[in-house]
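Structure first, commentary second.
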Amino acid sequence: MKGKKFITLVLCLIQIIAPVAVSADTLESLNQKETKIQQESQAISLEVQNALEKVNEAYQAVESLKGKIAENQTVLEETQEQISDTKETIARRKEMVAERLRYLQVNSVVENKFAYLLESSSLQELVTNLYAITMLQNAEKEAIESLDADTKKLQSLEQEAQATQATLESDQESLTAEAQTLDAQVLGLKEQLANNQSTLASIAQSKEVELARIAAEEARAKEEAKEREEAARLAAEKEKQAAQKENETNNQTETPAKPAGKPNTEQPVQPTPPKEPTPPTNNNGNSSNSGNKVLYMESTAYSYKEAGSSFFTAMGVDLRVNPRVVAVDPSVIPLGTIVEVEGYGIALAADTGGAIKGNILDVHLDSVEACNVWGRKYNVKVTILD
């Protein structure tokens, strides 16, 4: 029985220490996660800033291209207008030449030219007349050729303007697509940043809950230590009082010395053996044949699965790991005591409760349904195991 009690106490100590370690690890993990997400958020903010700058540059370039496209469109329209005017001029010149050729054919101007030359009075006049005729013909030819050259030049300018226009429009489409891509990237980064902020808020809330739980654990541990000290003080005080009472009893049972010379006519008084100190009893307690203290108590039941209940007992035992626990009044059954409850079995007194005062014991069960079945029982035999 002592071996079983020792093992149970060791398990209880593990349950008490383990939650503190888990709490520290959990808080440290939350801090690490918070730091990591904060760093990620800073990096994302920098990416958002860079992306926004690129978006602005892209939109500025698009606006600049729009201006160039408008200017080039004006040049193209002017060039096309000049080409149209030149073509009309060439057409008129060609029509004039055609009319002159028809006139020459009808009126035999060539023969007249020869006659005109033959009518020259001197060689110098002949040469002058011949030169004049040639110059007239060349002037008409050069005028037509000049118009043709201007037309080709204007057509070349038109092709360049059209090519420039196509390039500018292509660049505009590319920059617009790039700006739209950057816009989508910025939106994605902003969404990710918002998610990180939400996660940070959740972590902050979890840290508050964890810190509150740790503070509650520490406060409960201090309260339990205080209760243990008080229980130890009371036990020492009771032991001291019992020892004093035993000494007084022993002194009273000693036989006084007889006066010398007086016959002994009285029966000798037998000394009363010293009484064993009687252990303090309360709540209708007595001892069993094995020497263990027995109490008859009122019993109820509870479960950590009840709404608002904690996984941990007043001693820090995790009920999910060690459910064999009873809640007691520490002034009746000290915390850490191993008890055997009739109809329940052997359990550890490791919890307390606001309604558990005096001769009441609350057994822990795995479900609310089991608690309802247990109900409230009276005169339940509770054996305190040594």
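Think of each number as a place in line: the chain as shown, counted from 1.
Yeah, the Cβs are placed from backbone N, Cα and C, and that goes for glycine too.
According to TrEMBL, the features are:
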type     : residues : note
COILED   : 48-96    : coiled coil
COILED   : 140-174  : coiled coil
COMPBIAS : 222-248  : compositional bias 'Basic and acidic residues'
COMPBIAS : 270-280  : compositional bias 'Pro residues'
COMPBIAS : 281-292  : compositional bias 'Low complexity'
DOMAIN   : 324-385  : domain '3D'
REGION   : 222-292  : region 'Disordered'
* **Helix-strand-coil residue split for the compositional bias 'Basic and acidic residues' (222-248), DSSP-based** => 27 helix, 0 strand, 0 coil
* Structure fact -> Averaging pLDDT over all residues of the domain '3D' (324-385) gives 95
* Structure fact -> DSSP puts the residues of the domain '3D' (324-385) at 7 helix, 27 strand, 28 coil
